[in-house]
Amino acid sequence: MNRYFIYLAYNGRNYCGWQIQPNGITVQQRIQQCLSILLRKSVTIIGAGRTDAGVHANLMTAHFDWEEILSTTSLTKRLNGILPCDILIYKIIPVKKNAHARFDAISRKYKYYITYQKNPFRNEQLFRLKQPLNKHLMNEASNILSEYSDFTSFCKLHSNTRTNVCRISKAEWNTVQGIDIFTIKADRFLRNMVRSIVGTMIDIGKNKLSITDFRKIIESKNHIMLKSSVPAHALFLTDIEYPNWIFKN
């Protein structure tokens with residue numbers, strides 16, 4: 001059996017997230033359907049994570065198994081040919097047989113985009129606010145995140161997860177061409193975690209919460225303490241890293 005990694009991107013606007021579910025079309029479902037058509041046999045793909053409904057991905061990965069050696073260049077071209085225009089396959093590559101798209105990922109990176117101006121061309125990808133935020137305070141809050149590992153407070157209730165421990169290696173706010181961008185990198189993320197963190201930091205940027213309040217929310221390990229979240233449409237999964245050993249020479 002041969003294992004292959006798929007590198008892809010998608011606009012999440014028309015999908016109920018990544019993972020297959022009974023009530024709605026998902027990205028995983030679309031790719032599996034098209035891949036199964038091309039290979040003329042049912043194929044199951046395993047993603048590196050589960051983005052929520054409306055969340056986009058500049059880079060997502062998934063793996064699948066196939067008995068024969070595939071022409072990955074040809075398969076990539078053919079798959080792009082029948083997938084809808086809001087899903088793009090960058091490449092398909094062979095990997096080691098025990099490589100896993102989800103469990104072997106070293107890190108994942110997300111970005112959230114905020115604007116203060118009307119933008120008719122990017123309304124679906126930017127969260128618009130009326131007044132500029134205090135990025136100095138928000139970056140102060142960002143620096144605090146790496147001091148903690150239990151992010152229960154930012155996890156959606158009733159999430160099916162064994163642990164709420166995440167190791168955040170980067171969190172910062174930057175402004176590029178008038179757009180505020182929050183970048184966060186960690187070994188893993190909880191459901192709704194990034195959107196909850198951003199929503200709470202916006203409250204800090206509006207002087208509705210203090211840095212002390214932010215610490216209290218984290219240390220409470222209680223989702224009830226959380227007051228704010230942000231819409232999914234401005235959130236992007238932008239990178240996933242893997243150890244070199246999973247790739248074939």
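First residue shown is number 1, and so on along the chain.
Quick reminder: no glycine exception, Cβ is built from N, Cα and C everywhere.
Note that this is a predicted model, so its numbers are computed, not measured.
Here is what Swiss-Prot says about this protein:
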type: ACT_SITE; residues: Asp52; note: active site, nucleophile
type: BINDING; residues: Tyr110; note: substrate binding site
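Under the DSSP three-state reduction, Asp52 (active site, nucleophile) is assigned to coil, being neither helix nor strand.
The secondary structure of the residue listed as 'substrate binding site', as reduced to three states from DSSP, is extended strand.
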